[in-house]
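Data block below; observations after.
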């Protein structure tokens, strides 16, 4: 074998040995893969805003009637208004 081929194979094998073995997609998945867009504000008991570097804005709501958790579409008008008020309240001087 050529020395260059052996060197390249050694580098590839070293890189494979140093990796964790799991692809990024399997090691971390976004909690909200699907969004509910028909959730009324009156049915929400609690909102949780998830801030993760690999995922878009994710909002999880606990519903009043059945205590179920659902992911809410962040594009809903009442969610946008809620976020705007929360940010204004937090950063108000």
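Here the Cβ of each residue, glycine as well, is placed from N, Cα and C on the backbone.
What Swiss-Prot lists as signal peptide is 1-21, and the listing cites sequence analysis.
Residues of the same chain lying 6 or more positions beyond the ends of the region 'Receptor and heparin binding' (29-33) and with a Cβ under 8 Å from any Cβ of it are 50, 52, 54-56, 58-60, 71. Swiss-Prot lists 29-33 with the feature region 'Receptor and heparin binding'.
Under the heading disulfide bond, Swiss-Prot lists 30-55 (among others), citing similarity to another entry as support. All protein chains included, residue 55 (disulfide bond) registers 14 other Cβ atoms within 10 Å of its own Cβ. Mapped onto three states, the DSSP output places residue 55 (disulfide bond) in coil.
DSSP classifies residue 32 (disulfide bond) as coil under the three-state reduction. Note: residue 32 (disulfide bond) has non-local neighbours 50, 55, 58, 59, 60, 71, i.e. same-chain residues 6+ apart with C-beta under 8 A of its own C-beta. Annotation source Swiss-Prot lists disulfide bond at 32-71 (among others).
Look at Swiss-Prot and you will find 41, 42, 43, 44, 45, 46, 47, 48, 49, 50, 51, 62, 69, 85 tagged as heparin binding site, backed by similarity to another entry. On its own chain, residue 48 (site 'Important for integrin interaction and activation') has 59, 60, 61, 62 as residues at least 6 apart in sequence with a Cβ closer than 8 Å to its own Cβ.
As annotated by Swiss-Prot, site 'Important for integrin interaction and activation' applies to 45 (among others), with the evidence given as similarity to another entry. Around residue 45 (heparin binding site), taking its Cβ as the centre, 12 other Cβ atoms fall within 10 Å, counting all chains.
When secondary structure is read from DSSP and collapsed to three states, residue 46 (site 'Important for dimer formation') falls in the strand class. Residues within less than 8 Å, Cβ to Cβ, of residue 46 (site 'Important for dimer formation') and separated from it by at least 6 positions along the same chain comprise 61, 62. Swiss-Prot lists 46 with the feature site 'Important for dimer formation'.
Per Swiss-Prot, the feature site 'Important for integrin interaction and activation' maps to 48 (among others).
Its Cβ taken as reference, residue 64 (site 'Important for integrin interaction and activation') is surrounded by 13 other Cβ atoms within 10 Å in the chains shown. The site 'Important for integrin interaction and activation' annotation in Swiss-Prot covers 64 (among others).
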Can you check which residues sit near residue 41 (heparin binding site), meaning Cβ under 8 Å from its Cβ, same chain, 6 or more apart in sequence, and list them in order?
78, 82
Tell me, in order along the sequence, which binding-site residues from 43, 45, 51 have their CA within 10 Å of residue 64 (site 'Important for integrin interaction and activation').
43, 45
